[in-house]
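These notes concern the structure reproduced below.
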């Protein structure tokens, strides 16, 4: 072929556009939502030379193959668990169903793959110092097994402190298992993991890649944050392991986040969620520990694990059910506000029902494109009657939902398409008036440090900013 021919580049561009048409048709048939299909198809048709390779990396080509593989691994894991006679929650599940509070969860117990359980104890952990002080203190007392899972682990001061603590516990004979997301922790040096392995800690990266093509598939990420110590004490929430979560990032400080400390039968569900991810990464089961007895009182809890391999879109349906169930209020905090059409419609309908709908988002960006898309959605929400607030002191990263007077949810799930359909997430649902009062008090303080977005703000935005927001929203389904 004559590469210097005047026709060569014409043929090449024609071939690229033809491939773009094929890829656009593929997106229309395989992407799960209309918004996502359009967000891929239009750029593939008009600028394929810029979007073909990103579509191969982030698109839907291997989605269904991955779903099949993940479900098969989960099935194998549960067969292995059945041999352990792992049925720890029968009595607590029956007690939960007999409780008057159970009705407040409505569809949640059937939506999640794990039951609502009674007799749990929960403690709110506000911001990084309280969270990591509690986690480190729990690990310090470990005698048998420590399970640690984070989306991001940094090799900084906090990361090194965790590393040294885990090495010390492993040297004492404690079995330590660490799981991190390969994409989220892309900056973690191999030496960090190797030092842990050399010290007896079992550490693995969670990756969705299987086979030659799937090595390019980086769009599914494990966003869960789980710590379980000896089957007795657990932690989930929004924090990852890094100095910025302690407020050490100058541009984002002070960092605002929330975790929750848990004890009781629901820890079996946290262990099962960890076991699924560990089994996918290693094809082995970690040790699972159950206490001999549980307290006879406590609060109703349900661990809601969600991910792209679920039979239905668990995370987005959770937000829909939470909003639809609200009769008095629904308050949501999320670092990103990119609702799909169904969730946005649910928010508007809640306003029309007279529900106090509030959403708290950051005033500072950590991802500028996502921030721009969130801003446009926020302006549209304000016009629909939703009260939108921007947290002023620093970056807001917490993921909290408060419904009426009893139901609260704290976990890793953001109010965006990535959490709805691409990430593995975990959230703790709690039905308890006393704990909900604590969450309400915490959120009241956050709102006091926030500025409400007004209709005037939506009008004062420069036209170039509006254009940028609309472009960001166009690609928001694939962010």
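For all residues, glycine too, the Cβ spot is worked out from N, Cα and C.
What Swiss-Prot says about this protein:
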{"type": "TRANSMEM", "residues": "8-28", "note": "transmembrane segment"}
{"type": "TRANSMEM", "residues": "38-58", "note": "transmembrane segment"}
{"type": "DOMAIN", "residues": "218-245", "note": "domain 'PLD phosphodiesterase 1'"}
{"type": "ACT_SITE", "residues": "223", "note": "active site"}
{"type": "ACT_SITE", "residues": "225", "note": "active site"}
{"type": "ACT_SITE", "residues": "230", "note": "active site"}
{"type": "DOMAIN", "residues": "392-419", "note": "domain 'PLD phosphodiesterase 2'"}
{"type": "ACT_SITE", "residues": "397", "note": "active site"}
{"type": "ACT_SITE", "residues": "399", "note": "active site"}
{"type": "ACT_SITE", "residues": "404", "note": "active site"}
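Shown here: features listed in Swiss-Prot, placed on the structure.
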| residue | record | Cβ neighbours (10 Å) |
| --- | --- | --- |
| 223 | active site | 27 |
| 225 | active site | 23 |
| 230 | active site | 19 |
| 397 | active site | 25 |
| 399 | active site | 25 |
| 404 | active site | 18 |
>> Tell me the Cα distance separating residue 399 (active site) from residue 225 (active site), rounded to the nearest angstrom.
In response: 12
>> From the DSSP assignment alone, can you count helix, strand and coil residues within the domain 'PLD phosphodiesterase 2' (392-419)?
In response: 3 helix, 11 strand, 14 coil
> If you measure from the Cα of residue 230 (active site), which of the active-site residues 223, 397, 399, 404 is the nearest?
Replying inline: 223
> Any idea what the Cα distance is from residue 399 (active site) over to residue 223 (active site), rounded to a whole Å?
Replying inline: 12
> Near the domain 'PLD phosphodiesterase 2' (392-419), which same-chain residues lie under 8 Å Cβ to Cβ, leaving out any that are not at least 6 residues past its ends?
Replying inline: 33, 36, 101, 104-105, 124, 151, 221, 223-225, 236-239, 245, 247, 249, 252-260, 304, 306, 315, 318-319, 322, 325-340, 343, 359-364, 366, 370, 425-433, 435-436, 439-440, 442-443, 446, 449-451, 476-479
> What's the CA to CA span in angstrom from residue 404 (active site) over to residue 397 (active site)?
Replying inline: 22
> To the nearest whole angstrom, what is the C-alpha distance linking residue 397 (active site) and residue 223 (active site)?
Replying inline: 13
